[in-house]
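What TrEMBL records for 19-498 is domain 'Amino acid transporter transmembrane'. Positions annotated as region 'Disordered' by TrEMBL: 344-367. Among the features that TrEMBL reports, transmembrane segment is placed at 21-45, 51-74, 95-117, 137-154, 166-185, 205-226, 247-273, 293-315, 416-433, 439-461, 482-506.
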Amino acid sequence: MRFLDREHFSPHFFSEKRQGTVTGAVATLLGTLLGGGVLSLPFALRRSGVVFGAILLLLTAFATDFTVFTLVSCSRRSGGSSYESVADVAFGRRAKLLCMALVVCVTYLPLVGYTILLRDLLAPLAEVALNRTLGSPARNLLVSALVVLIYPACTLRTLTALRHLSFLSVLAVSLLTVFIGLRAGECAASVGVPASAVNLWPEDGWSGALQAIPIYICAFGCHFNVLPVHGELAKPTRERLHRLVHWTIGLVTAFYALVMTLGYTYGVCTGGVSDNILNNFSTDDTLMNVGRVGLAVTLLVSFPLLTVPLIGTLVRAQRELIAVDTRGKAPLLNLETPGVTSVWPPPRSGRVGDPTELEAPLLNPSTLPDDLDTASDDCFLDDAGILGSMNSGPELTAAAGRQADMEEDIPYKTRAWLTLAILSSELVLAFNITMVTDVWGFLGSTANVMVAFTLPCAAYLKIRLHLPRRREKQAGPLYKKWVAGVLVTLSVLAAVVCTANNFYLLSARKQAGGAP
């Protein structure tokens, strides 16, 4: 039976390198999701209001679930094993460079946010230990010393030594949630929660809601880790992928709802909800201090998880920028591998889907089975409704290996200097930012919204656009195409409006001399 062999897995579907289980993959993605940004969710609920905040949480969860599937589907169709290679095949070299820039933002700005959180978590404890008040210079010196301590780990070539960090992150955040729940219950039982202090709708109107949206988006940012996790998952069938994504998004949504509710309850009970909910708790609270130290250790050890991929991306981007194509145009898949050809741009004749005019046709009608229902067991439809096989192209497997080798050959001196520049610059930024939600707001309204929603959906639409007309009816439910289009539109609109709102809030706070 003939079948289309243009769907690629790297490593191949039955590779022995695929040892990952669904449970382990869920734990890995949960470790990616459950970080320091969780502490700002009660603040997001305060700004968006209880009703609108719950709606935003559910909508963001649904959109994340959908875009993770579309991203994996696009990866299988493009042969790209990384986010940037998917963008490269779908839209060309400029999109690849844009994607690299977004990776830099998504890995660099959290360093700034984590530094601010470390300062907020440990400076009050240092004041108690020293029995004196620390000014801004002393607080900045404290967090600088911590960053210096973690510097050697940030120059590591690989992250093998920190592979169990995801479980540490989940444990630390889970314990903090339990502690917050205990204190929220005690406060509600002794003092009570005044109904007048609970805002059902956005605080400060639409400005409050727009400030909350990027925080929710940052909380669900896991897309750059999805493809590596998919590459390690044993037998990555659609059913197993569905279980992985649905369980991950379902669990993290329930967890976020719990943290938001408990933190918001305690904040309302004590008179206000801070941008970092731990700032609402007294430094004399031993239980919460244990939670502070545990989370601080987790955040500090998370620095290498951000700097190592950041350095790799910077080096790849530099090499990509100086690469010269002898044919006078940039290749769509610049992995220096013969046999990997371009699927786009569309044919010059303008007849979308005509396989005779493509170097490597997306769908070749001559390879399609006459009856899809009688296709071979090795042949299946992916989430984009595209027919493919469980085989991996050898050229793409070799390309993935070359890209990994390229990252590993970065000299230690180069990594050391880049790490020094990265950590020094992020410290300077953190010294001049007081609220961590400013970081999450800017990150969520720019890089994260594009990474999570705009690019995956745009690539999905590009693939469906170039399907032959006779295959469109077999390309999966039409509603997926409409959902992808709506998400592209809304994500671009949210990026523009939320970014403008962030600048408005910064200006208003500067004039008022306080937080909104």
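Heads up, the Cβ atoms here are built off N, Cα and C, so glycines get one too.
The stretch in closest packing with the transmembrane segment (166-185), judged by the count of Cβ pairs under 8 Å and taken from 137-154, 293-315, 439-461, is 293-315. In this chain, the transmembrane segment (439-461) lies close to the transmembrane segment (95-117): three or more C-beta pairs between them fall below 8 angstroms, excluding pairs fewer than 6 positions apart.
When each of the listed stretches 21-45, 95-117, 137-154, 416-433, 482-506 is scored by C-beta pairs under 8 angstroms to the transmembrane segment (51-74), 482-506 comes out highest. The list of residues near the transmembrane segment (137-154) in space but at least 6 beyond its ends in sequence, with Cβ under 8 angstroms from a Cβ of it, reads 115, 118-119, 122-123, 126, 161-162, 300-301, 303-304, 307-308, 419-420, 422-423, 427, 430-431.
Ranked by number of Cβ pairs under 8 Å to the transmembrane segment (95-117), the listed stretches 205-226, 247-273, 293-315 are led by 293-315. With a cut-off of 8 Å on Cβ pairs spaced 6 or more residues apart, the transmembrane segment (482-506) and the transmembrane segment (205-226) reach 3 or more such pairs and are scored as touching. Here the transmembrane segment (247-273) has long-range neighbours at 22, 25-26, 29-30, 33-34, 38-39, 41-46, 50, 53-54, 57-58, 61, 64-65, 68, 177, 180-181, 183-184, 187-188, 191-194, 197-198, 219-220, 222, 280-281, meaning same-chain residues at least 6 beyond its ends whose C-beta is under 8 angstroms from one of its own.
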